[in-house]
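Pulled from TrEMBL, these are the features on record:
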BINDING   Gly170, Glu171, Ser172, Gly173, Ala174, Gly175, Lys176, Thr177  ATP binding site
COILED    920-1103  coiled coil
COILED    1153-1223  coiled coil
COILED    1322-1404  coiled coil
COMPBIAS  1119-1131  compositional bias 'Low complexity'
DOMAIN    15-67  domain 'Myosin N-terminal SH3-like'
DOMAIN    76-768  domain 'Myosin motor'
DOMAIN    1500-1776  domain 'Dilute'
REGION    605-638  region 'Disordered'
REGION    648-670  region 'Actin-binding'
REGION    1103-1143  region 'Disordered'
Amino acid sequence: MSLIKLYFPFVSPVSQRARVWIPDTEEVWKSAELSRDYKNGDASLQLMLEDGTNLEHKLDPKTKNLPYLRNPDILVGENDLTALSYLHEPAVLHNLKVRFVDSKLIYTYCGIVLVAINPYEPLPIYGTDIINAYSGQNMGDMDPHIFAVAEEAYKQMARDERNQSIIVSGESGAGKTVSAKYAMRYFATVSGSASEANVEQKVLASNPIMEAIGNAKTTRNDNSSRFGKYIEIGFDNRFRIIGANMRTYLLEKSRVVFQADEERNYHVFYQLCASSHLPEYKNLKLSNANDFLYTRQGRSPVIAGVDDTKELCNTRHAFTLLGINETYQMGLFQVLAAILHLGNVEIKDRDSDSSVIPPNNRHLTAFCELVGVSYQDMTQWLCHRKLKTATETYIKTLPRLQATNARDALSKHIYAKLFNWIVEHVNKALITNVKQHSFIGVLDIYGFETFEINSFEQFCINYANEKLQQQFNMHVFKLEQEEYMKEQIPWTLIDFYDNQPCINLIEAKMGILDLLDEECKMPKGSDDSWAQKLYNTHLKTSSLFEKPRMSNRAFIVKHFADKVEYQCDGFLAKNKDTVNEEQINVLKASKFDLLVELFQDEEKATSPTGQVPGTGGRTRLSVKPDKGRDKSSKEHKKTVGCQFRNSLQMLMETLNATTPHYVRCIKPNDFKLAFTFDPKRAVQQLRACGVLETIRISAAGFPSRWTYQEFFSRYRVLMVQKDVLPDRKMTCRNVLEKLVQDQDKYQFGKTKIFFRAGQVAYLEKLRADKLRVACIRIQKTIRCWLARKKYLRKRNAAITIQRFTRGYQARCLAKFMRRTQAATIIQKYRRMYVEKKRYRQKQAAALVMQTILRAYMARQKYQGLLREHKAVIIQRHVRGWLARCWYKRCLVSILVLQCSVRRMRARRELKKLKIEARSVEHFKKLNKGMENKIMQLQRRIDEQTKDNKSINERLAGLESSHTAESERLRGELNRLRGVEEEAKNKTNQVTSLLEELERVKKELSSTQREKKTIEDWAQTYRSEMEKMVSELKEQNGSLKKEKDDLNRLIQEQSQQMTEKMARAIAEETQQLDTDLNEERSRYQNLLTEHLRLEEKYDDLKEAMNVSKPGHRRTDSTHSSNESEYTYNSEYAELEEGSRAREDVTRGIDTSLTLKLQKRLTELEQEKQSLRNELENKEDQFQRDDAEFKKARGAELEYESLKRQELESENKKLKHNLAEMRQSLLGDKAAGAGAPGSPAYKVLLEQLNSSCEELDVRKEEVLILRSQLVSQKEAMHHKETMTEPSIYAEDVSKLKDADELKQACIGLKDTNRLLEHQLQTQRRSYDSEVETLRGELQNVKEENNRQQQLLAQNLQLPPEARIEASLQHEITRLTNENLDLMEQLEKQDRTIRKLKKQLKVYSKRIGEMGAGQTEGQTSPGQMVDEPIHPVNIPRREKDFQGMLEYKKEDELKLVKNLILELKPRGVAVNLIPGLPAYILFMCLRHADYVNDDQKVRTLLTSTINSIKKILKKRGDDFETVSFWLANTCRFLHCLKQYSGDEAFMKHNTQRQSEHCLSNFDLAEYRQVISDLAIQIYQQLIKCMENILQPMIVSGMLEHETIQGVSGVKPTGLRKRTSSIADEGTYTLDSILRQLSTFHSTMCQHGTDPELIKQVVKQQFYIIGAVTLNNLLLRKDMCSWSKGMQIRYNVSQLEEWLRDKGLMVCGAKETLEPLIQAAQLLQVKKKTDEDAEAICSMCLALTTAQIVKVLNLYTPVNEFEERVSVAFIRTIQTRLRDRCESPQLLMDTKMIYPVTFPFSPSSLALETIQIPGSLNLGFLTRV
């Protein structure tokens, strides 16, 4: 088909036109659509841009080339650019932009090249989970990633036995260093190391060192590598890392002395300055970075987000990890600090031709002190230079500029030497003695560079890129050729750009470098003369060399990427790289050893690869005045260009000898903005790095390639049924010949069809047209069906409505008629009633009116009479009142008149009295009595003059009486005056009363007015109150309503609170369950770690057994729950192992020595933990001493009861003996004592019964003694010493002189036997104590030795120390946990034992009492009644359900029942769990015979044998499942027959009788439970290994519903086909495997609850692996794939339903996968869709949801992509979610397992042992 046809519109109802790319100055390429059909011969195209702008695009009149066509939308965003139908620059650029900006994908394949775009923000795609996801995957099966490239290199190295190289290139800031770092991290994680020396950690540790000394901040990158490096990572024959080697290229030395604006020097300088305040750096005399010239020129000393102090700590840690000790580190820092001080040395002009350094320059002094040189010598040779001629040597002064340049040259040289020394020592640390089998090289090298001013460094960089581009082109061409030859299609030479002429221009004879070296040899060579030579040589002969128009000191080279103009200034100086020889001599004479080591001869100073990583290499200077040596040095000295050319040639030879893998890093913008794409910058780099050249080479041939099966699956819709043949190849050939007429557009290979560019787009167009027509037909049919269905539904609805309407109308008419008739009747009776009621109302009204009228008239008459009567009364009273008022007024007037007259008379009398009072006579008259009294007093005074005392007393009395009298008189006077005043007041009062009367009258009138006002107010108040009452009633009603509402609200709130509390309780319960599961998971993880350490320990012992003949390892368990015997055997094994290691290590190699040393450290740690455990047990024993005493008290009480019982028996025997004596003495007959007489018989029978009772007592004493011995083993030896005396007292109480001699003799024998046993046990216990003491002393000595080793271990890297500390912490926690469990179980065991003993002896006491009652018969009765033998009843024991074996047959038992047992035969032919039943029956017999050693050895052998068979056949699911079922059954048997009531609820009476009687095996139950957990985890791992290869193929790749999702066009990286070929896994394969797992576990008798847990774990693995691959594969994120996944999940659910496992929780584990599939299928456009997605995807994290939306890719053109705005909406809505940011699910997670108790209904006595088990030595008891 001609491509011109694609410019015409598609034949469809929708007017779609061809879309093209047109050039644009801003966006480089802009998309447009043809608005008018193109016809041949048109000079222009009518286009419409995406923004709706119309544009006329004129075609080139010469070429008539049409614009580039756009790819179909379904191809946009492809993982591989070669999958695009149209391969050209705009398609590549657009695809990268869509992936980077819209989908946030930074990696894209371009054929064999991985294009990596720097996102400028950290991404969560480099974790260990991502590494594990890419490990083992094909490169095309997963989304592009640096890990995919690393995995491909690693896989090819292992598969093809060929070395590999990963070439990472790009300009500064593109992310080269980070990509190389991640590739190295991938190798370190996937491969591990072949030794225990942590080589992979050392390889990774070289990165921070090289970044510190070789990276710096530039305007384009904050961590730009200023050198190139090639790291060879070595692998052994098992492809594990054994070492590495580093080569460096072209260090930018000029950065040491100069930095441009916004740039920095190398990081290490700023790290030292930032740490200068620390005490260890005080001697460096550093300060802030702004204080030094070499660090302040860029004016940007700080990088945002980088802590230089912390970075220095990381650098020093890396130095330590690589073996560079503290002394060397401080020496390196001294040299670096000296360089900074040297840069601050100020050189001043002395005159025009000389310079001088001011005296006592502190920076020069610091420099000399740091490097250990003379201050005078450095001052001399910094400002002078020695010149040599043929005859003499003289010293020449230097101008200030030359002296400054010489100082800077020295600084650069010192730094280059230091850089070289560090690289050399890093390589020494990474080297290994193990033979290297292969290697993978990682090349981190600069990309093509062009600046405004390009100098020697850019020339060398671009030269290197020319060589790499040539190698890249040849490799791409070679791959294309191999592909065509492999498929046997006609090979045509593809024209590609060959840059060999450019390389010849640079490196050939008389090339640029050759002329530069020749000019450097000239005595007066200069940059100008060299430029002229270049012009003369190449200007006319080479088309790739040009001269700038405006310059004679520059030249232009046409590189493959672009033209670059180089300035000749500085080329010669940089190529020579000269340093003042005398300055070097001064440094070589330094007292600083490290500096002298840096400047050794050239053989020692070069790097391990032979080149110097400076700006071109080393400066070879003679340090001795020997002329011959100077001449030799000059002859052999190489220029920087020559050295760089040689090192580059070595690099190319290395790369050509390996399989290369290319990573091209792209810088998206110059402003370091996250996910911002600048098309101009991107297209420049794409052109420069060779990506577009790869596209051009691919497009020149057949870029699109399909397998026949894929082509058939994709384009089956274009075929008719008759075209489909059994041969797919012939079918595809026939169809393609019909579809594409031009035979040159495609070629048929052996397995693939090759298409020219654009043909896939044409086929996609045909397919889309066919699908569109089919969709129209489907839509037409469905719309017809929907319309007819809608019409029929409407017709039926109308008929139904009519039927119901007519019925309704008829019913309404009948109802109306009935209502009319009823209304007539109602009206009749109603009218009658109304008229009758009206009459009665009128009659009643008339009577009422008459009554009211008559009553009114009567009341009126009565009121008239009453008013007349009242008027008479009122008149009477008024007239009386008027008369009284007149009388009162007259009386008052009379009284007033009388008062006036009397007052007048009184005044006159008063006047007279006043006159009389003034006269003497009146006074005398008044005082006549007083004179008499005075005279009497005078006589008395005269009479009492003789007695002064009596007179004085009387005088005092008189004075007092006189005073009183005076007072009385005064009072009287005052009274009279008061009377006078009162009279005056009375007069005034009369006046006031008259005034008051007038006032009262006024008040009365006012009161009346107020009364009227009050009455009016009261009326108003009453109305207001009535109104208020009504309002209050309304308010009361509203309040009642509010009350009801509040009550209802309270009820609702209480209900809500109840529900909330219920939810809170449920959540808390769920949280507790979660915590419990986490604790179980943590404990089981500890068990897994313990098992791993045990396996390492066993592997080491096996290695020791192999290395030392004759040494045989003894099996033993390492559980901390073992007894002291197991501990002793393990301790002996450890001692023996350590001695064996000392003998073996003399003859083994270094790697094995390192292994043994590390294992020795682990064993020492184990010994230390055992010692700590022993000490803890001793402390615990002391703490438990008090508790044991309490238990001992209970036992003593029991013993006292036993003594009382024996005393009662003794009394009974005495009583019987007395009766016998009486019977013998009472019978005087001659034959009374003869044999055969009744008395003789009675005596004989009683003696026999006594003997039997004595035997019973002996047996009981033996039982008691065995129990005491078992208790004594747990007691302290001091308490043990007191037991014999106690029991001697107990036994002595049974002794009685002369009465029971036979009993005494028997008891004495028993006592001697018991004492002998006691002494034997005591001796064995004492020997054990001594052994333990000796072992404790050995442990202490071992502890001292371990402390010495600990000091050495502290020098190990922190990672190793952390791992050791974690292992120690795990062991310690396990021991503590087991100690606590042991204490608890010990207490429970003591309580159970006491309870059992109490029950047994209470029963025996009852039986003995019954026996005594029966035995109390008088001798007379015995004589009269028939005499029968009197036997004491004895309880017989039932020993059924036990198996007896000999001690020597234990190994045979374990071998036949465990090690050599075939699970398949047992599962098919015998009862489930038979080995567990047999082992438990053997254990029951050992318990019955009270043989603790036999119990211990049987359990230990069983556990070790199960571990051994699992270690040997751990990959066999059937074996692991078999022993998991039997271990659980054995555990259930131990619980069921333990005697605990909690486990005996479902036992039959017979089973309860078979319980263990002597031993409590609770500790061993825990050990066996831990073993079951380990077997379960082994089962999960085995199951995962089987399912892992099936999951991705069956759940994702295989099309369960055929034809739903066609295969999209793929590129060079072919993915796994979704078509089911032979050998590929399908969903049926997974279901069959799950059924096999289930049936196997059911046949083995696995508990149903355990099967549910296994199935849940299986489904979790399936869901997690499927979801993880879905999140990492863009091609799987489509609508049709979501349908496939949901169908597959439904099949899994159907399988669960068939097996009855729907409630096991397995379905819930698939919920994330189900939601991801739903997310692929739901609408993704509006905000409502976003809300629905957020509410639906609760099991997915935000990162997973966004990842799926970003990866969503339409398979057909009918699907639409997810917009960026929609994804942003989803992120905004999910912003508040609190969840882990982890993207992938943890496929290694194992749910914690539990073993619910499941009792067996099988009776042990009914079990038969088949002969096929070869267990004939077992005896049923």
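The first residue you see is number 1, and the count goes up from there.
Every residue, even glycine, has its Cβ placed from backbone N, Cα and C.
Recorded features from TrEMBL, shown on the structure.
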residue : record           : Cβ neighbours (10 Å)
Gly170  : ATP binding site : 27
Glu171  : ATP binding site : 23
Ser172  : ATP binding site : 20
Gly173  : ATP binding site : 21
Ala174  : ATP binding site : 26
Gly175  : ATP binding site : 24
Lys176  : ATP binding site : 27
Thr177  : ATP binding site : 23
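Sequence-distant contacts of the region 'Actin-binding' (648-670) (same chain, at least 6 residues past either end, Cβ-Cβ under 8 Å): 96, 100, 110, 112-120, 146, 149, 152-153, 156, 160, 162-176, 179, 183, 220, 230, 247, 249, 441, 443, 447, 463-464, 467-468, 471-472, 475, 609-611, 676-678, 681-682, 685-686, 689-691.
In the region 'Actin-binding' (648-670), helix, strand and coil residues by DSSP number 9 helix, 8 strand, 6 coil. Other residues of the same chain near the ATP site, with their Cβ within 8 Å of the Cβ centroid of Gly170, Glu171, Ser172, Gly173, Ala174, Gly175, Lys176, Thr177, are Asn118, Arg220, Asn221, Ser224, Ser225, Gly447, Cys665, Lys667. Counted with DSSP, the domain 'Myosin N-terminal SH3-like' (15-67) comes out as 0 helix, 24 strand, 29 coil. Taken as a whole, the domain 'Myosin motor' (76-768) shows an average pLDDT of 84 in this prediction.
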